[in-house]
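Some features that Swiss-Prot has for this protein:
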{"type": "DOMAIN", "residues": "46-112", "note": "domain 'Importin N-terminal'"}
{"type": "MOD_RES", "residues": "Ser391", "note": "phosphoserine"}
{"type": "MOD_RES", "residues": "Lys446", "note": "N6-acetyllysine"}
{"type": "MOD_RES", "residues": "Thr448", "note": "phosphothreonine"}
{"type": "MOD_RES", "residues": "Ser450", "note": "phosphoserine"}
{"type": "MOD_RES", "residues": "Tyr454", "note": "phosphotyrosine"}
{"type": "MOD_RES", "residues": "Lys693", "note": "N6-acetyllysine"}
{"type": "MOD_RES", "residues": "Ser1031", "note": "phosphoserine"}
{"type": "REGION", "residues": "411-481", "note": "region 'Necessary for interaction with RANBP3'"}
{"type": "REPEAT", "residues": "217-240", "note": "repeat 'HEAT 1'"}
{"type": "REPEAT", "residues": "241-277", "note": "repeat 'HEAT 2'"}
{"type": "REPEAT", "residues": "354-472", "note": "repeat 'HEAT 3'"}
{"type": "REPEAT", "residues": "515-553", "note": "repeat 'HEAT 4'"}
{"type": "REPEAT", "residues": "560-597", "note": "repeat 'HEAT 5'"}
{"type": "REPEAT", "residues": "602-639", "note": "repeat 'HEAT 6'"}
{"type": "REPEAT", "residues": "775-813", "note": "repeat 'HEAT 7'"}
{"type": "REPEAT", "residues": "885-916", "note": "repeat 'HEAT 8'"}
{"type": "REPEAT", "residues": "917-954", "note": "repeat 'HEAT 9'"}
{"type": "REPEAT", "residues": "1002-1039", "note": "repeat 'HEAT 10'"}
Amino acid sequence: MPAIMTMLADHAARQLLDFSQKLDINLLDNVVNCLYHGEGAQQRMAQEVLTHLKEHPDAWTRVDTILEFSQNMNTKYYGLQILENVIKTRWKILPRNQCEGIKKYVVGLIIKTSSDPTCVEKEKVYIGKLNMILVQILKQEWPKHWPTFISDIVGASRTSESLCQNNMVILKLLSEEVFDFSSGQITQVKAKHLKDSMCNEFSQIFQLCQFVMENSQNAPLVHATLETLLRFLNWIPLGYIFETKLISTLIYKFLNVPMFRNVSLKCLTEIAGVSVSQYEEQFETLFTLTMMQLKQMLPLNTNIRLAYSNGKDDEQNFIQNLSLFLCTFLKEHGQLLEKRLNLREALMEALHYMLLVSEVEETEIFKICLEYWNHLAAELYRESPFSTSASPLLSGSQHFDIPPRRQLYLTVLSKVRLLMVSRMAKPEEVLVVENDQGEVVREFMKDTDSINLYKNMRETLVYLTHLDYVDTEIIMTKKLQNQVNGTEWSWKNLNTLCWAIGSISGAMHEEDEKRFLVTVIKDLLGLCEQKRGKDNKAIIASNIMYIVGQYPRFLRAHWKFLKTVVNKLFEFMHETHDGVQDMACDTFIKIAQKCRRHFVQVQVGEVMPFIDEILNNINTIICDLQPQQVHTFYEAVGYMIGAQTDQTVQEHLIEKYMLLPNQVWDSIIQQATKNVDILKDPETVKQLGSILKTNVRACKAVGHPFVIQLGRIYLDMLNVYKCLSENISAAIQANGEMVTKQPLIRSMRTVKRETLKLISGWVSRSNDPQMVAENFVPPLLDAVLIDYQRNVPAAREPEVLSTMAIIVNKLGGHITAEIPQIFDAVFECTLNMINKDFEEYPEHRTNFFLLLQAVNSHCFPAFLAIPPAQFKLVLDSIIWAFKHTMRNVADTGLQILFTLLQNVAQEEAAAQSFYQTYFCDILQHIFSVVTDTSHTAGLTMHASILAYMFNLVEEGKISTPLNPGNPVNNQMFIQDYVANLLKSAFPHLQDAQVKLFVTGLFSLNQDIPAFKEHLRDFLVQIKEFAGEDTSDLFLEERETALRQAQEEKHKLQMSVPGILNPHEIPEEMCD
């Protein structure tokens, strides 16, 4: 059967690709049917035949036959794909008469198909694709080769309503392509040219829209016109909006007609988003007229929440569009409305609508409303941050001396506070949740949407609390009373209330916070005693833990409370309900980090520091915890011990702290001394892994002083490492590499890995490089290097490489002498694991380049000391790195190369021979990634490296001839070298293009941003021919812009008390 299939496929392919005979349209239809309805081999054959045909340079000459005679819609779509391909990729090289022919054909086809209203409805998708083809042609042709396009399309529109409706769609698509999606698709110059052309000729388009809106009775046409207008509103000259009848037409004629109300409201929202000062009167009119219409369509006493839940799609969309309109208008022009006394009432009505819409049970709508409430609260706070009502204990009356704008919004903001408290989203720290079935369970998947919503709500509530925290406190206290007396008791109500209480940490005066929290915690502890049932207790426990974790300032100031809370957490550590123990450990570690000093001091009324009590009872506290919870617990206690400044006391604490794990460790080591086979026992190996994990977490928290514990187990630990390595190698030799997947072998590897993590973790926190280099490094190298080299690739631990990188980064010059030994053991054998492809051994890959980077940055002389053959391998591996598809590896590779070039330039003796051997090679490889689409994210780094290299040449830093065979001036040689390189890679480029590009590489190499733009425009030119998507060329800018926005936002947040979660605040600002 497959043989027959192949013959048929060959026959079909031969016949379809034979351009000397007429196209067999039935055969093509059959092949397309096979693709869509066939299976397996048949489908694959069809795919191959169609791909071959599509890639044929003359395929486009068959498109007219396909579109005219095929009865199969999918075949027609296939024909259009061929056409789109030729327009995007080969238009520039087609003879003019052929371009004109295609253009005429497409226009004729669109007119024919869209002039018939029944056809328009029936063949909607087909016409949509034809329209897109025309827009692709326009991007190539208009305005230069088709200056009359706008007047052509406007003129044709007046001949038939159904043609006009489709032309509106074409204009909408053109607007989107030019104004919304042009960045990176076309060169900057061309994009500007198209935008200018469109603005200059807009009056004809606008007259057409106006004509339709005023005269047409054809509802679908009017709708299409409004949709098109909507796309224009963000770029057209403002006179068309504010100096015509457009606004009143939209409001009076279309807003109250159900079919048009959504698109009209969207248009009004787009207009409301314009921020200019010279049209205040028009904005007032827009607002008052829209509000009048709104009150007729949706009276102020409507229960919008109910209306939304019972509404049809169209009605629900209207409420969402209404929220967007109000949010946009009030954000942009709210202050204008405040200033006009005659508009106060309308402003209050708009706010009333916002409150009603905010109650709708639909997260997307709530997010829109939240954006406005956040904006309003932040603006009112920033206007006068220090006029927050003074402490009510000090001021007899509640609202004295309130700024007038706050006074205006007083009652609205109180309702918004209630709304935020009742709807607060779940914070990240809360692990105990109610699922869809109404069961209380532990949450395993973090919901990022919900976390972001929480952050925005939290920020809004913090601002609202600053504006009037007496009101906030009254609302929260009242709701808490209703939980205790049972009138509002439910898991959901308790949760949202407690999440809201936790979210305003830092926003009250300390005295008020204390009074408020004492009430809250007492009430919640009482509720915990009062309620029966495990689920109830779990929910209340999770809320107590969340709140206490959010108020470290309060806990630091009130020792008795801190102690009560920590003892309560120890109680919860025995509570086996899903998620409660996890949350208890997480909250304990947070409190330990923020209040660490308080646990190592003797507090008033205590006989010893609390840390001693914890260590005395450690066994009882952790007896019901799972291993990973024990590790978290140990890290938490480690932070406390790290805060003890007396070295002798601290060493004594560490000994006591590590007593339990050390007892088990000593017993295993003793047994192993008598019989080494104990290290093949699964239970024993598992225990060793867990003990080492405890040490790793403890070391992370204690830091350098952990040396006393590390020294105690160090040599035994390295012996265990060697012994387990031999066991693993023996098992692989006996049973092959598959054995590495077995549980016992995996446990053994865990012990090796945790050993390396412990050592690297301590080294990175140590503060005496010489002591580390002399005492800890030699036995480590002895245990791990030869073992790594001898192991089969699958059994090599990537942590060996990361540990070496950490040691080099930390010890710098102290370790230079050991680099050759390290390199001998790990370099070549790892390179052979990763240079076959870009995928295998991802961790070794990343760590290998981190090690190279460390040596390059801190021990560069060691590079110059290794033999030339090995140095060539180093360079090859750097080139291999920056060609990687794994972005982190490619970035590291570029970083290493740039540092290497800068380091080499400092070494007079080595530099010239390096340039002679490698300079042109490096240049060639960098150009190969610059022009590769999968590497556009590295454009800034590519630009920096190339600019640096061209600068070296231009400034004569390279004295040795780069072309020994024909020693001309290096600058001229490199100009020719690069030009030839590019011409052979991209033969379609004109000589003038290449020359201009190469000249720019020299003239712009002092200005990195300009150099990068120069590269980017060149890439657009290459891609336009190749017909590739160019949107990714701006990937890096988008990332940078986002990062900068994030940093700006963080700075702003730091300045408002309570905006940052207490655990995001740097340590020195807290304790």
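Cβ atoms are placed via backbone N, Cα and C, with glycine included.
Shown on the structure are the features that Swiss-Prot records.
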residue: Lys446; record: N6-acetyllysine; DSSP (3 states): coil
residue: Tyr454; record: phosphotyrosine; DSSP (3 states): helix
residue: Lys693; record: N6-acetyllysine; DSSP (3 states): helix
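Taking Cβ pairs closer than 8 Å, the repeat 'HEAT 1' (217-240) reaches residues 161-162, 164-165, 168-169, 171-172, 175-176, 179-180, 195, 198-199, 202, 205-206, 209, 246, 254, 259-260, 263-264, 266-267, 270-271, 273-274, 276, 279 in its own chain, all 6 or more past its ends.
Fewest Cβ neighbours within 10 Å among the modified residues Thr448, Ser450: this applies to Thr448. Look at the Cβ of each of the modified residues Lys446, Lys693 and count the other Cβ atoms within 10 Å; the largest number goes with Lys693. Below 8 angstroms of C-beta separation, residues 875, 879, 882-883, 885, 887, 890-891, 894-895, 897-898, 901-902, 905, 962, 970-971, 974, 977-978, 981-982, 985-986, 1001-1002, 1004-1006, 1008, 1011-1012, 1015-1016, 1019, 1022-1023, 1028, 1032-1033, 1035-1036, 1039 of the same chain, each at least six residues beyond the ends of the repeat 'HEAT 9' (917-954), sit close to that stretch. For the repeat 'HEAT 7' (775-813), the list of distant contacts is 714-715, 718-719, 721-722, 725, 728-729, 732, 737, 740, 749, 752-753, 756-757, 759-760, 763-764, 766, 769, 819, 821-822, 824-826, 829-830, 832-833, 841, 843-844, 846-848, 850-851, 853-855, 857-859: same-chain residues at least six beyond its ends, Cβ to Cβ under 8 Å.
For Tyr454 (phosphotyrosine), the same-chain residues lying six or more positions away in sequence with a CB closer than 8 A to its CB are Met424, Ala425, Lys426, Pro427, Glu428, Trp499, Ser503. In terms of C-alpha distance, the listed modified residues Lys446, Thr448, Ser450 place Lys446 closest to Lys693 (N6-acetyllysine). Break the domain 'Importin N-terminal' (46-112) down by DSSP state and the numbers are 58 helix, 0 strand, 9 coil.
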